[in-house]
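Enquirer: Can you keep this structure in mind? I'll have questions shortly.
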Amino acid sequence: MTPYHRMLPSNHAMDGGLRTSTTGQQLPNARTLRVALMSDGRVHNKRFTQLITYLPLIMTADTTTVHDTINYVLFTRTCCAPGGELNPMCMPIEVPTDDLHLRRSNVRCLNLTRAITYQALGCAPNSLPPERINTSPPLLDLSSLYGNDQLSVNRSRQMRGGLLRADVIKGKEWPPNGNPVCFLNQPPRETRCHDSGHFSINSLVGIQLLGIWQYRNHNYLARILQQINPCWDDQTLFTVARDINIAYYQHIVYYELMPALMGHEFLLRNNIIYNTYGHVDDYDDSLEPRVSIEYVMGTRWFHSIQEGRLQLYSKEGRLLDELAMVDYSLRPGGMMINNTFEGATQGSFRQPCADVDYLVDPDVGERILGPLQFASDVTASDINKGRDMGLPSYNKYRQYCGLPVAKTFDDLYNWMPKDQVDVLARTYEYIDDLDLMAGILAEKPMHGAIMGPTLACIMADQLLRWRRADRFWYENSIHPGAFTPDQLYEIRKISMARIICDHGDSVDSVQPFAFLLPGIRNEIVDCSTIPAPNLETWRDQRCAVNVTSENFKPTLYNLSDLTLDDLTGIPIDYNQF
Ligand code: HEM
């Protein structure tokens, strides 16, 4: 268990309660604010695929914790019952009678609980500001796949050939069946529930897809390594396959996903990525390996670009069906019938994500928990949870990020559309009361990016911490298991498209930049043309067996065809966005 990092000291009410206004009053109702700022609606983005939301989800499952959500979904379901608001764990959200979307329903309250803190468990005195507990290892280390502790890691292993345990169905590997968490499966047809090192592989649709691909990738790597190095034992094969799997993930996040989200130049300027073929030794032992609470609260912004519909496509790109994505959380059994997994795999790189347009998909805004709760509004929760965490006001973060501090609501016109500023001015009494989440949701995207400057600053702060506080970061040369320059060169060829080609169900073609919709300069091509790392560079001369790369690798790629841009980022002009 680790505490979260704080970019700024907390600002709770005197009694450790939710942040209040500058005059000590309650802040505006989170549901009223959400609906005024971002109504329900469904408009598709014109550049980005669903994958742009799926990979950040894996990062969330990897580095933060879900016990607070589990608490109000399963154990504390009574915050809206008479007297519920008196429960110190509760912070229900009132739904006004004139609510734009729920006025004709009888829903007048949304169940929500406060975070479980060190104080709530009696581990810290109440005189200290309440701090939430993180049960996940906070670095980008795929604990979402391998597990949070040694026991879980060992349980998921075959203890042979470096492999993870797996069932083979339709020629593809899946984690073994037998996890009890999939209580939204609908038996008798839906029985599958994957038992990997971490339950999250069964959780949201995006994690189910990417998690399975990463699971398969581990075994794929272990098998190739064993062919090249037959003298390696199980532990060596497992460790090296895991290191490469994590390196692929870190590389795709930093050099493919983040440039698409925040712009290549922004990342280079802030030393989050580097234009180099060599190692980057920027490990800083004074930095604590933690996730900032601002990152976890701020990246809830992705809910606003989350599509509610899960479109299923054929291999030929024909739309086959559309399902409500929120009905498939904790229900991998449903994904495994009627070719849903295959269709969703094709959809992951063909279906657009939702647009950045001050709308929330109706399923995300009204029934995010699917059958688990009649009504719930994740974006209103996002606002309330920020107050529960005692996040200081939006203006304080602007100051932290070196952005001009708004003295009046009029100052926001440079940064937000007029309609959004007008809503904020109508809803809040003082500019310094503005919630961080409200500001982030209202901001216009930065030039060349999908998000505004305050969220970009919060994410950049965390991206720097993740790489610099991690002694085992894949680009680092100063640790015993560090990759050689040749191995690093190979790792830098990996892409989201390659992962989908190698591990997606029924995929034989994909566009090279899978986070971007297929189209001109990003046409769908045969998988054999997508660059792949050559694992020959892991050959251990001590094994001295004559195995050639042709034995295990279907295609060899011509490195001289690759430019530096291919290896370090996406040479695409995001300014059109
Ligand atoms: C259909 C897709 C999604 C569903 C059903 C979903 C559902 C949820 C729910 C129910 C919560 C808990 C809300 C609360 O307790 O207040 C949550 C929190 C969160 N979600 Fe999502 N979400 C989705 C997509 C995403 C995406 C694409 C991201 C991208 C980063 C994301 C990031 C987060 C984060 C960072 C949190 C907070 C976690 C924490 O408090 O530690 N979600 N989500």
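These residue numbers are counts, starting from 1, taken along the chain as shown.
Note that Cβ sites are derived from N, Cα and C of the backbone, with glycine treated the same way.
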Enquirer: Could you tell me which of the ranges 1-24, 169-192 is annotated in TrEMBL as region 'Disordered'?
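Expert: Result: 1-24 is the stretch TrEMBL calls region 'Disordered'.
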Enquirer: Tell me, how many other CB atoms lie within 10 A of the CB of HIS303 (heme b binding site), whichever protein chain they belong to?
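Expert: A count of 21.
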Enquirer: Sort the residues of the region 'Disordered' (1-24) into helix, strand and coil with DSSP and give the three counts.
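Expert: Helix, strand and coil residues of the region 'Disordered' (1-24) number 0 helix, 3 strand, 21 coil.
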